[in-house]
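Participant: Take a look at what TrEMBL says about it:
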DOMAIN    6-71  domain 'J'
REGION    66-87  region 'Disordered'
COMPBIAS  73-84  compositional bias 'Gly residues'
COMPBIAS  101-119  compositional bias 'Gly residues'
REGION    101-133  region 'Disordered'
DOMAIN    146-230  domain 'CR-type'
ZN_FING   146-230  zinc finger
COMPBIAS  392-415  compositional bias 'Basic and acidic residues'
REGION    392-443  region 'Disordered'
Ligand SMILES: [Zn+2]
Ligand SMILES: [Zn+2]
């Protein structure tokens, strides 16, 4: 005595039917009710799902025994069981596909019916797994000299216990019930006056067409078919690689049982900020990058020249500069904001080297220094030496009939943040099309 006859009824056979009787009944009904026959009127997706599900359970001796003993529960009906062609689910899938869902999409995958009737799993063409990317932060010192590096990467490998089937030894993945092994389901979409069948990737089997039933799942990978694995990858960082440039390590990326070869590992170079040097993007990818730095000079050095070690370069070398004194050949005053170049001291690229751009910053002497002068009574001496003070602005610059007020230069106060928000927080940019011009109109 069986617990439930629903699945036998679905195939129109008796509970004591032989395997070959079940198979025969399934084939006949599946062909008759296949959704692709919809045009001719005999197709029926819901009915087909029932037939498919009944076949899946009754064709597996273990599952059939469970079903006979415990009914639908024992056979692991699970989601997408009989009548699992759930409309709400279907539309959810559809919208996921339309608006940023993974994989699939319109027109991908085989055309309806292309994979043949009757729950044959969709065959995918095997290709290399797409590459995986990992970022490599590098110091400018490392980038300048080039060096041996290593990374510990986590990548997926095909599960060795189940050889990528996702099933326990001796068990197999079965045609997915939800999509009849097609890997895709169909949503009905209103297109103007018509209702169209739109294919989308099956979310029951992630488009594989095959699914391992819960009780058959591989213990090692939990049915994921792959496992995560840590691996130390050694490689050489070539000097002068640009920001975002990739070091390609063949076959060290992720592996997928659906692919013929493991993917490559792309190591993306990301230079770290440096306290002294800034890496400047080159104008052509084959050119070496320039470096830039700031050189702080005293007022005396700025005006009168100097000779000193100014910088320790990224490879540890010292750079000395001799700037001539007034009257000597090549002398010039270096002002704050001036930019000068040290040719050939930038970043490497193969055999070439970019330039080192140097921005000058003149440190003004401070109050302590000026007080020292005052104490020695030398203020007037210095005033006599320095360029003269500026006279008043021309009197004519003051508006007709306007006075000149005495004001002070006070310490600047930080404005509280709320006040800034009050002024900038309207969120409305200036509207160029608006009538009128800012400011008062002059007659
Ligand atoms: Zn496994
Ligand atoms: Zn499926």
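Note that Cβ sites are derived from N, Cα and C of the backbone, with glycine treated the same way.
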Participant: Mind checking how the compositional bias 'Basic and acidic residues' (392-415) divides into helix, strand and coil residues in DSSP?
Facilitator: 3 helix, 0 strand, 21 coil
Participant: Summarise the model confidence on the domain 'CR-type' (146-230) as a single mean pLDDT, whole number.
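Facilitator: The average pLDDT of the model in the domain 'CR-type' (146-230) works out to 90.
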Participant: Across the domain 'CR-type' (146-230), what are the DSSP residue counts per state (helix, strand, coil)?
Facilitator: 3 helix, 39 strand, 43 coil
